[in-house]
Each structure stands twice: as C-alpha cells, then as structure tokens.
C-alpha cells in the first residue's frame, strides 16, 4: 500500500477573536458530526433474512471474555488451513427500500484439518447470514470424510469471528467444505466491499469496489483473514448487464445473462494462484480503459472514469507500467506471475494505492495524469506509486509475510525499490536522490523520539486490527526503505539482487519472516566472498530489533569515531530495552577534501582510524550520498572548514551531502549537540545555491523554526533573512524562464523554481507577490483559460488566496467544486486553507465533514491543511479537544487518520499551557481511546516537552542571529 501543501503567511496571535471563532466552529462542526452519525446509524447492516433464536451474537468486549476460549483471542488457531474458496457476490448499486446499498453473496470454503478440533473459527464482520436448519453454515466432508453435526453458530463481534460449534471433532488431515449465504452493506466507508460515487455530468454514478488490507476481507465474505492463510480463490460477480466486472484474474469467458433476470450478467473469473485474503479485489463499474500488450505477453490495462480515459489521463500510466514490470522481472530474476495487470483509479479510496494481485487500486491522483493540467510533481507521484505497487506484485504478493509484525519488510522494501523502478521509467529525473529527503530524513524525525519503536515487533504484540493499523506508519515505510537501501549499498546492488532472487524462488506462494531474507542475502555474500565484519543477520538485527539510529561523532584531530543513540531530547527517558544496548554496526563511507576514501565499519562504541584525522585546511565528511541511516557530528574545527568550503566553492561537496550538512546540523542543534548558530551558519552559502536538494533541506529544517516562532517576535527577522537568501534564487529562475513563461527542463530545477516562488512570496519579496496576484487575477477574469502553469499552481493559488480575501477564496472554491481532474482539485483544496481570514477558515473547517463538499477520503488532509496555517491551528485544536469522543465514535473505523491529525494539530505546541492542554486531553479521553492515534499522542507529548525546552534555550540567540544576518 502506498504511503502519500503549502502554508500561508503568518498573522500572529489573534487572541479573543480566535477563541470566539473556535467556539463557532465547535458548534457548526458538532451539527455536521451529528448529521453524519445519524446517517451512519441509519445505515447499519441489514437484518438476517431468517432470524432464529439459535443465531446469537456476542457483543461483549474481547478483553472481558474468557481468553482460554479460542474465539475470544484475535489470532486464529492453527487447527484449520484453507485450501480454496468459491465466492459469488452480487452488489446492488441502487438503494433498497430502506435506503441502503447492499450486496448478497454465497461462499464455499474448502479447508484441511491440521489438528483435531470441535470448533470452526472463521472471520466475519458485519455480515448477516441466511439460516439453514437453524445455522449460519452448512458443513460437509470431502473425499468420503463425514463431518460432525453442528451444535450452534454464533458471531463474536469483538474478535470478528463466525464460530461454528460442533457436536464432534473434525479429523486431522481430512478436508471439509463449509457453505454460507450472507448479506452485507455496500457502505461508503472505504473498507472491505464498499461503494464509491462520482458525478458524470449531472448523473451520480456508483462503483462497487474493495479495500481488504489489513483486516477487511472478512467484511466481504467469511474467510480465514490472516496473511499466512493462503488459498486459491474462485470469484464470480453478478452485476448489471451494462457494467463491467473486474477481479484479480481474467474472466473465464464472456459474461452471461443471469437466467432469472436478463438485466444482470454473471462474470466468472479464472482461479487465482495461492494468495492471501488481503490481496483480493473485485470491482463493478462502468469505467473504461486503455490497454496494451507487454513484450512478455502480459495484458496491461488502465481503468478510470470514462471521461478521464477519453481525455487521455490514463496514457502516462499505461506507458510506464510495461517498462516498470519488465524492470522488476529482471531485478527479481522472476517473471511477472499473472497473465494481466489491471490498474484502476477510484474516486473514493482511503490509501494512496493498494497492491491487490493483478488488480491494483489507486486514488485517482496516484494513477491519472493530464499533461495540460497536472504538474511535474503529479507525474512523479504517478510513476513512483505505480512502481511501489508493482514492486509488491512479487515482494508481498508472491512471497508474503507470515504476520503483520513484519509489515515493514513488505512496505519498506516497496518504498525502497519504487525509486529504482521509477528511475528506470524516467532515467533523466534522478529520482533515486529524492529518497534522502522523502524517506530518510522524514522518518528520522520520528525515529529520534524515545517513543519510537523498532522496525520488527514480536508477533505476540500485534493482535488487534487497531494494532495492525498502527504499523502502517513512517517507521514501517520509510525506515524500512532506508535500512534496506543501506543494506543494498554495503552489499552492492548485484549481491542484494542475487539474494533477493533466491529468496523469491525459494518461498514463492508461501509466507516468510524477515530472517529468511537475511539468510538468503548471506548465501549471496558467501558466494561472492564479500568481507563483512559479521553476518548479515547480526548487522541487520541491530537496525531492525532496536528503535532509533546512531549519531556518529568525529574528532578529526585524532581520527576518533564514536556512536550513541540519537535523541532529539537527550534528557528523554528511553524505557524500551535493547539487547544491543543501542549500539549499531555502522557502515562508514567518507570523503576527504572531495576525494572518496575506502569504506570502514564502526562495530564498537568508539574506534580510531587515520581515515578520519585531518591536518591543515583538510576537511572530512562522512556518509557519502547519505546511504547510511545515521547522522554525523564533527569537532568544531571540521565544521568550520566545511562551512568555509561551502562558501568558497560548494560544488566540491556532492549535492546530496550539501543537503545532509544542513539537515544533520539542525537536528544536532535540536538535540543540543551543536549550537543552533552553527546550524544556521550552514545556510549562509544558500545565497549562491541553485540546486533543489540543499534548499529543500534548509526549508524543511527551518520549517521547525517557523512552527516555533511564527507567533513571536522572532518571525519578522527570520522572514527578512529568508527574503535576503532566496531573492537571488528567485531572480535566477525569473531570468532563466523568460519571466516565468517557460519551465526549466530538469525536474530538480522545476522543483527548485517552485521553492523559489513559494519562499519568496511567503517572505515578502514584492515582485513575487505581484506576480502571483497578477496571475490569479488573470484567471479570475477568464476562468476558462488558466494562465498558471501546472507546476506553479499550488504555490500561486496558496499565496494569492493568502493575499486576497473573500472574493479570491470563493472563486477558488467554485473552481474546486467544478474541477474534473483530481490533481487540480487537490491543489485548490490545499490552497483554500491558506486564507488569512479567520472566519473563512472557520467556514472551510465546517465543510470538511460534509461529504457532499469534501470527500471523506480527503477530510483528514483538509483539516491538516487548515491546522498547518497558524491562524487555523487554534480552530482545529479547540474542535478536536471538545469533540474527540464524537469524532472517534463516528469515524474511528472509517477514513480518518487520527495519527496524522494528532501529529499535525500539535506540531506548534511549545508552551507549558499547550502541554497542560495536551495532558488534559489525554486524561479526558482515556476511556474513549485514541485508536490509530495512540502512539501519535505519546509522541506529541514528547515533542511538546522537547519544543518547550528548545524554545526556552534558543529563542534569544535565534532572534539575535536572524537580526544580524538579515541586514
């Protein structure tokens, strides 16, 4: 599953006005929430068609039930193993007489008894069963075996089981089949078998689609819903005759009319390979497609709304899919396992994308690309998300993790090799370099907290769906990607690929744990006689079984290296023990005065080597191209030499390492390892820098300063400094783009141009402010002809709305409502949060929970856009505090990301009062709980304490530095 805005100018503290508006927002949004809750209450699952006294449901909490009973535990017992399923589903795309959208289905599961048992436990969620002889299922033997009679069946809601109690025991090694007929709601909750809606002209269209990961296949049909319970699936869909049915495999033949109703067709699909339930997909829609046959014979199709396909929005995805599939087939030394690769863009989809085997589902903005209206960053997102999902077709689908505690291996691997696949499809973009900014530094911000967690968690600690959901975080995706990139680097890509191919060949159609990969990589190392300080397993266990990462400190006067666990707050209490005592086996790469040196391994807390000692004006720099997952600190003299080199000729240092110098120093300053002025001094050379990565590293690092100080007197001098530094970059792009009429050829230059405009406008460069307001005014005068290049729209929209008022906001809102391309709608939706008008933000916040105005899948990100605006943060925080219980109860199982919301709304917290509010918020809502936001709340408390300390220590010196250096 794939991972995946601009902030307006500050207005300072608005005091009483903010409080009054927040109360208004609370009242307005409470009404919206009540409406949504009532709608949800009226949309509960349909009643059983044949109710019976013996068909009981157990609603008690699993924590209060007898844990000695297998059905009260979240993990399936090992007594039964599924072999195959026959599933028929019929979604109704118009509401019934109760106003509900429903689907009906039947299922036959064949399973083998591995241990004698008198109970069948299978997952089932929100399904209502048709009773047969008083029971929800019919059981029969296969191959002459005789099944015991059924005593009773029950639904255990807390653990989401259908439990079949038997009067005798199933026989070990015997096969059985179990039939059921059921009905469920085709809800708009973005989970399991659900419905998505969109407008085609003035007509509302409905799509039946799926999202099974992690634990929602059970919401579509009864199944053994764990990744290790692989089986073959025979899917049949009954659907309106004018619609198309899709699933993981191709149809066996043309659809045939349903005998009892010719308005319906029956589509039967070929049997799937042995696979996990979470990778199943089935879709009924009137979508259209474009297709081509790959050189290896695989059928490639891109599906989307007919108007999007007709406009050519699927063409780019079609053109890159074949090359990416071929790349991974070569990279894995394994042919693509299926006869076709369907990819479909859905109007409503909670994740960025989902790697369903042979039928990958996407948000529209992750698959569709319009060259006339989409930006280069939109194009980059499409190619990288496609590469991520196609990487999973082998790593994750063909070979699958045993249990979700190793999710990081699935998602971390795909998050790493997505850059390789995308780079193959777009070789001139240098996409592999972006991983440092997008993943390595992104996750280090979280992994430097005492509340972080290791990549690999013991299986016994991950049981409930909520615990599984918490694993889909930056650690699993981005740290997983970062340490695998480091592993590939010190092994060499060829050795890494050899071990990977062996792993895939050995475990095809099976399940693994992470140690299996280490063992196969070790075999490849042994075959190549590569010298490592110890085994792959020993090295990687340090990076996967303990949280965090080291900071390597270099004393160039002696050549001494030392390592310690890097914590943003060095006084924080690390309560999680580590068998390795937070010592890592670290691959060290380095350059001296621009010349690369031999590689080195730091295996102890401290070591000495002449590679790292200098004399005269020599400087040394560690972690070449940031292939290692660690930060680097130097003695004061070496820092001074690096700064001198940057200001004299920054090109002597590789561009990625120029970004590293900035990012490491700011984080070291946050951790009290270096003075904050040292980190700020590392940005002085930017007045001469034109490359994207160093500037992005600086802006990203300084965004923390903005969060801490945009409500204080520091912010004025800070803006003046940024204005001074960015003006040459702004002028450079103005002159080299014919006064913004042309776009730079190089992708990184295009991104740098956007940074130049965004930074110049938000920090008061008059020419920039005039440019964006002029372009936006031209568009307002002629709405049918947008003069703003797609690359520049996000920043122009945001800054123009920030400078404007109600007229500009209402125009942008109207354009958003009429946008037919999701990428354009996304740009406008984010920019609408840039307003300086409190009442406008208040109104916009009230829109976010009306799905007729803001799609459910976009509600969280829209609220986050508002809270990222200094003016809107108070509105959102007041609302979250006052309405958490309602928010959690109404949306806890749906499309809200509580983790992202908590992280965003607390990002500016830096006062004792805000800490007290946060602690009170936790106390007040302990009974309600925080779901997927539980860990985020603990991290928010830790970050707030660190912020308070940092501001107290640094405010005055930062104010002085910006004042002196902005002249």
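Using the three backbone atoms N, Cα and C, a Cβ is placed for every residue, glycine included.
Under the heading Zn(2+) binding site, Swiss-Prot lists 388, 392, 411. Around the Cβ of residue 392 (Zn(2+) binding site), the number of neighbouring Cβ atoms within 10 Å comes to 27.
Annotation source Swiss-Prot lists disulfide bond at 761-768 (among others). Taking all protein chains in view, 28 other C-beta atoms sit within 10 angstroms of the C-beta of residue 761 (disulfide bond). Taken residue by residue with DSSP, residue 761 (disulfide bond) is part of a helix.
DSSP assigns residue 834 (disulfide bond) to a helix in the three-state reduction. The feature disulfide bond is assigned by Swiss-Prot to 798-834 (among others), with experimental evidence given as support.
The N-linked glycosylation site annotation in Swiss-Prot covers 128 (among others). Secondary structure at residue 128 (N-linked glycosylation site), taken from DSSP and collapsed to helix, strand or coil, is strand.
Residues annotated as N-linked glycosylation site in Swiss-Prot, with experimental evidence given as evidence: 234 (among others). Residue density at residue 234 (N-linked glycosylation site): 18 other Cβ atoms are found within 10 A of its Cβ, drawing on all protein chains shown.
Annotation source Swiss-Prot lists N-linked glycosylation site at 265 (among others), citing experimental evidence. DSSP classifies residue 265 (N-linked glycosylation site) as strand under the three-state reduction. Residue 265 (N-linked glycosylation site) counts 21 other C-beta atoms within 10 Å of its own C-beta, drawing on all protein chains shown.
Taken from Swiss-Prot, the feature N-linked glycosylation site applies to 319 (among others). When secondary structure is read from DSSP and collapsed to three states, residue 319 (N-linked glycosylation site) falls in the helix class. Other Cβ atoms within 10 Å of the Cβ of residue 319 (N-linked glycosylation site) number 16 in total over all chains.
The N-linked glycosylation site feature in Swiss-Prot is assigned to 527 (among others). Other Cβ atoms within 10 Å of the Cβ of residue 527 (N-linked glycosylation site) number 12 in total over all chains.
Look at residue 573 (N-linked glycosylation site): DSSP puts it in coil. Sequence annotations record features per position, and here Swiss-Prot assigns N-linked glycosylation site to 573 (among others).
The Cβ of residue 625 (N-linked glycosylation site) has 16 neighbouring Cβ atoms from other residues within 10 Å, across all protein chains displayed. The secondary structure of residue 625 (N-linked glycosylation site), as reduced to three states from DSSP, is helical. Swiss-Prot lists 625 (among others) with the feature N-linked glycosylation site.
Under the heading N-linked glycosylation site, Swiss-Prot lists 681 (among others). All chains included, 18 other C-beta atoms sit within 10 angstroms of the C-beta of residue 681 (N-linked glycosylation site). Look at residue 681 (N-linked glycosylation site): DSSP puts it in a helix.
Here Swiss-Prot flags 735 (among others) as N-linked glycosylation site. Applying an 8 A CB threshold to same-chain residues 6 or more apart, the list for residue 735 (N-linked glycosylation site) is empty. In three-state terms derived from DSSP, residue 735 (N-linked glycosylation site) belongs to a helical segment.
Residues annotated as N-linked glycosylation site in Swiss-Prot: 818 (among others). Proximity of residue 818 (N-linked glycosylation site) to non-local residues of its own chain (separation of 6 or more, Cβ distance below 8 Å) is seen for none.
Per Swiss-Prot, sulfotyrosine is recorded for 176 (among others). Every protein chain shown contributes to the tally, and the Cβ of residue 176 (sulfotyrosine) ends up with 23 other Cβ atoms within 10 Å.
DSSP gives residue 419 (sulfotyrosine) a helix state. Annotation source Swiss-Prot lists sulfotyrosine at 419 (among others), citing sequence analysis.
Annotation for residue 424 (sulfotyrosine): same-chain Cβ neighbours under 8 Å, separated by at least 6 residues, are 323, 324, 327. The feature sulfotyrosine is assigned by Swiss-Prot to 424 (among others), with sequence analysis given as support.
The Cβ neighbour count for residue 388 (Zn(2+) binding site), using a 10 Å radius over every protein chain in view, is 31. Neighbour density at the Cβ, taken as the number of other Cβ atoms within 10 Å, is lowest among the recorded positions 419, 477, 913 for 913. Spatially, by CA atoms, the binding-site residues 388, 392, 411 include one closest to residue 319 (N-linked glycosylation site), and that is 388. It is 37 Å from the Cα atom of residue 761 (disulfide bond) to that of residue 411 (Zn(2+) binding site). Cα spacing between residue 392 (Zn(2+) binding site) and residue 128 (N-linked glycosylation site): 33 Å, rounded to the nearest whole number. Candidate recorded positions: 176, 477, 573. Nearest to residue 768 (disulfide bond) by Cα distance: 477. Neighbour counts of Cβ atoms within 10 Å were taken for the disulfide-bonded residues 768, 798, 834; the minimum is at 768. Minimal Cβ crowding within 10 Å, among the glycosylation sites 128, 573, is found at 573. In this view, residue 411 (Zn(2+) binding site) is surrounded by 27 other Cβ atoms within 10 Å of its Cβ, with every protein chain counted. Here the C-alpha separation of residue 798 (disulfide bond) and residue 419 (sulfotyrosine) works out to 29 Å. Looking only at the recorded positions 234, 419, 477, 527, 573, the one with its C-alpha closest to residue 388 (Zn(2+) binding site) is 419.
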